[in-house]
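Engineer: Relevant sequence annotations retrieved from Swiss-Prot are reproduced here:
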type	residues	note
MOD_RES	K4	N6,N6,N6-trimethyllysine
BINDING	N113, T163, K167, R285, H317, S369	substrate binding site
ACT_SITE	K165	active site, proton acceptor
MOD_RES	K191	N6-carboxylysine
BINDING	K191, D193, E194	Mg(2+) binding site
ACT_SITE	H284	active site, proton acceptor
SITE	K324	site 'Transition state stabilizer'
Amino acid sequence: VGFKAGVKEYKLTYYTPEYETKDTDILAAFRVTPQPGVPPEEAGAAVAAESSTGTWTTVWTDGLTSLDRYKGRCYNIEPVLGETDQYICYVAYPLDLFEEGSVTNMFTSIVGNVFGFKALRALRLEDLRIPPAYIKTFQGPPHGIQVERDELNKYGRPLLGCTIKPKLGLSAKNYGRACYECLRGGLDFTKDDENVNSQPFMRWRDRFLFCAEAIYKAQAETGEIKGHYLNATAGTCEEMIKRAVFARELGVPIVMHDYLTGGFTANTSLAHYCRDNGLLLHIHRAMHAVIDRQKNHGMHFRVLAKALRLSGGDHIHSGTVVGKLEGERDITLGFVDLLRDDFIEKDRSRGIYFTQDWVSLPGVIPVASGGIHVWHMPALTEIFGDDSVLQFGGGTLGHPWGNAPGAVANRVALEACVQARNEGRDLAAEGNEIIREPSKWSPELAAACEVWKEIKFEFKAVDTLD
């Protein structure tokens, strides 16, 4: 066969509306905004080509392989309601394009160079369908929801956490003291802020030692298992693992990683270490809004959440719906289910473009954190249910009487909400009353209620459903 050089329209090769997707294909839903004058078929085909086998011109070496076997295919295009010149393009990728067990490689292909492509004004990856054949090449979360509950011996309620503030500037001893007071007051976990690594004012080893002391002291006094998310994130993978090893030697239950700034390769390495050594892994999503906040460009957080479940983590921050950070209720609950459940049906009203079967990969506990306080407790209990961690940083440490009373207030409020729910009361309608009742006999809760009675963060979410 003679080789025909030259530039060929992508849609002639990569737009295949008749294609029947296979169970082993990775499916992607892209929100595509083409440049003026570029037809949607060409734009969708360009995305499929540039994120799989294609390049800008035909090449002689195409003849040495089977494009039909390896190319990505744009198999469906839908206009976006209410937007002119914006489309959802569905692309199917053959499984052979991806290295097994590598989120890094999957993203390098699917969301690599194609996002800088000139023929597109903007491009956003809305959702991915990961086939069971690919999921089975990943370890996934180190332990998962059930194992964590069994290790902590805590059932039937959300877990409570608190990020230690001020996030930067405390000495290790004062930091440990703040942890102890929160845990002693009734929280299950305290947390390193995501920016706390190993700075001049507090080196990591000192922090780990004082936090471990706080955990053991609080456990002895309360009879409950406690934890502190020790942030193992570091400048190199080797240093990160070194910190995780030290945490294990101290006998603490959980470490933490910033998975986007640290990178998926580092995260997967740490997740493997955590499973092999019985450590839980808390994941913070610092940098996610750089990628996911704009509605027409980047990548939706539900994709980052799916990627994390593959890479490995037992907790991940997922927005609050009611606090200070971005997140619409239906969308947030959509990816919360994607994190926790084993099987999720396609549901466009919640932004879920594909049915996803996780084939028994362990679940991840969503963490609600950011601008929440005792008055939010009924809403949080209703929205997130039992398998969640509710984190009150300022909502604990900002208590007028100090950290321990702040922790007491949160624990009393949570227990009241769980009891009310179990009695069949309507948390949404009776929320304020449910919080007021226990504040009659809990002075700590009464003081917290007084401080935060008027605080609200009411702005419309930027990233909404169409």
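The backbone N, Cα and C atoms fix where each Cβ goes, and this holds for glycine too.
Looking at the shown structure, can you explain where the listed features end up?
Structural biologist: K4 (N6,N6,N6-trimethyllysine) counts 7 other C-beta atoms within 10 Å of its own C-beta, drawing on all protein chains shown.
Annotation note: N113 (substrate binding site) sits in a helical segment as assigned by DSSP. Taking all protein chains in view, 11 other C-beta atoms sit within 10 angstroms of the C-beta of N113 (substrate binding site).
All protein chains shown were included, and the count of other CB atoms within 10 Å of the CB of K165 (active site, proton acceptor) stands at 16.
Under DSSP, K191 (N6-carboxylysine) is assigned to a strand (E or B) in the three-state scheme.
In sequence order, G161, C162, T163, I164, H228, Y229, M256, H282, Q391, G393 constitute the residues six or more apart from K191 (N6-carboxylysine) in its chain with CB-CB distances below 8 Å.
Around the Cβ of H284 (active site, proton acceptor), 28 further Cβ atoms fall within 10 Å across all displayed protein chains.
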Engineer: Determine, using Cα-Cα distances only, which of these recorded positions is closest to K167 (substrate binding site): K4, D193, H284.
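Structural biologist: Result for K167 (substrate binding site): the nearest of the recorded positions is D193.
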Engineer: If we count other C-beta atoms within 10 Å, could you say which of the binding-site residues K167, H317 has the fewest?
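Structural biologist: K167, out of the binding-site residues K167, H317, has the fewest neighbouring Cβ atoms within 10 Å.
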Engineer: In whole Å, how far does the CA atom of S369 (substrate binding site) lie from that of D193 (Mg(2+) binding site)?
Structural biologist: 11
Engineer: By CA-CA distance, flag whichever of D193, E194, H284 among the recorded positions is nearest to N113 (substrate binding site).
Structural biologist: H284
Engineer: List, in sequence order, the same-chain residues at least six positions removed whose CB sits under 8 Å from that of E194 (Mg(2+) binding site)?
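Structural biologist: E194 (Mg(2+) binding site) has long-range Cβ partners N231, T233, D258, H284, A286.
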Engineer: If we count other C-beta atoms within 10 Å, could you say which of the binding-site residues T163, D193, R285, S369 has the fewest?
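Structural biologist: Candidates: the binding-site residues T163, D193, R285, S369. Fewest Cβ atoms within 10 Å: D193.
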Engineer: For the C-alpha pair, I'd like the distance in angstrom between R285 (substrate binding site) and K4 (N6,N6,N6-trimethyllysine), rounded off.
Structural biologist: 48
